[in-house]
């Protein structure tokens, strides 16, 4: 695979290999046959980041080969959304012959939505001033005149200039409802929107018979907790990143959801609060003991759950675990399978043409 060519004819074979690999990894835990969710074979990534290479008068996007670290020129990127590909061309045309915008520009980050909105961040090794802002506003207006719904951001050391806003609002059809998700620049969002819809609908399906309340750790912008709120009496969710918490609060209001409470704290801190080890001012006014959480949802970083959180989640009758790293999932399952059975397993092909796998498991208490 090269950045400008996707081996779409090999998609079925690479997906089949992932299915076999996941089944082999999950065999020690008596997991059921995985439900397999396919990705679109192209234009599936909603975000992309490129370094910029200045070559005389020419200017182009590059990425670095992961093995050799050599530069690879990228004029088109079929893995990314059609909107990103449009913007890649339009941005370079707007910047290439503009000394103010081009000078010391070293990276461009693109974030797009299925609803055809975009935030583009330009990263510089220089101070940004009012002249830069004027030129950037002119570029933004020219892009919008081409029909591109785009917001521009300038970044430099200790500097962030938003011309309008630093977010876009995604709209996803999930289980017969349209969900609105505010996505903030430089914050985590699911990269493959089509796969995100399938993950949300799978999570809805596996919890449709759930009772009581839901606890979610690492909730981000509320991606899962807001979609799952319809299956539970109440949802209590934790997140540590301030921009994500603010986006989650907006998303709660935008989706007219009244049974979700977001707490800004780390999963490890929440474990201490639940166990009565520490008291936190952030929890004033929230009666943790009033929640009857019978399901816990975790979508941890690649490192998986730490040992204390492993112990904490074992206290819940149902554990819904989305993993971007099956190796650490299996490590966690060595502990979790002592008290719970794997009753559902899913493979989400979030990252086609790579060895990476995203998967989901539902565990129920033995």
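Along the chain as shown, residues are numbered 1 onward.
Every residue gets a Cβ built from N, Cα and C, even glycine.
Annotated features in Swiss-Prot:
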- 190, 218, 223, 239, 299: S-adenosyl-L-methionine binding site (BINDING)
- 324: active site, nucleophile (ACT_SITE)
- 358: active site, proton acceptor (ACT_SITE)
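Of the chain residues outside the S-adenosyl-L-methionine site list 190, 218, 223, 239, 299, 188, 216, 219, 220, 221, 222, 224 have their Cβ within 8 Å of the site's Cβ mean position. Taken residue by residue with DSSP, residue 223 (S-adenosyl-L-methionine binding site) is part of a helix. DSSP assigns residue 358 (active site, proton acceptor) to a strand. Here the Cα atom of the residue listed as 'active site, proton acceptor' is found 16 Å from that of residue 218 (S-adenosyl-L-methionine binding site). Annotation for the binding-site residues 190, 223: lowest Cβ count within 10 Å of the residue's own Cβ, 190. Less than 8 angstroms from the CB of residue 324 (active site, nucleophile) sit 301, 302, 350, 356, 358, each of them six or more residues away in the same chain.
Residues 190, 218, 223, 239, 299, recorded as binding S-adenosyl-L-methionine, reach a greatest CA to CA spacing of 16 Å.
In the three-state DSSP reading, residue 239 (S-adenosyl-L-methionine binding site) counts as strand. All chains included, 26 other C-beta atoms sit within 10 angstroms of the C-beta of residue 239 (S-adenosyl-L-methionine binding site).
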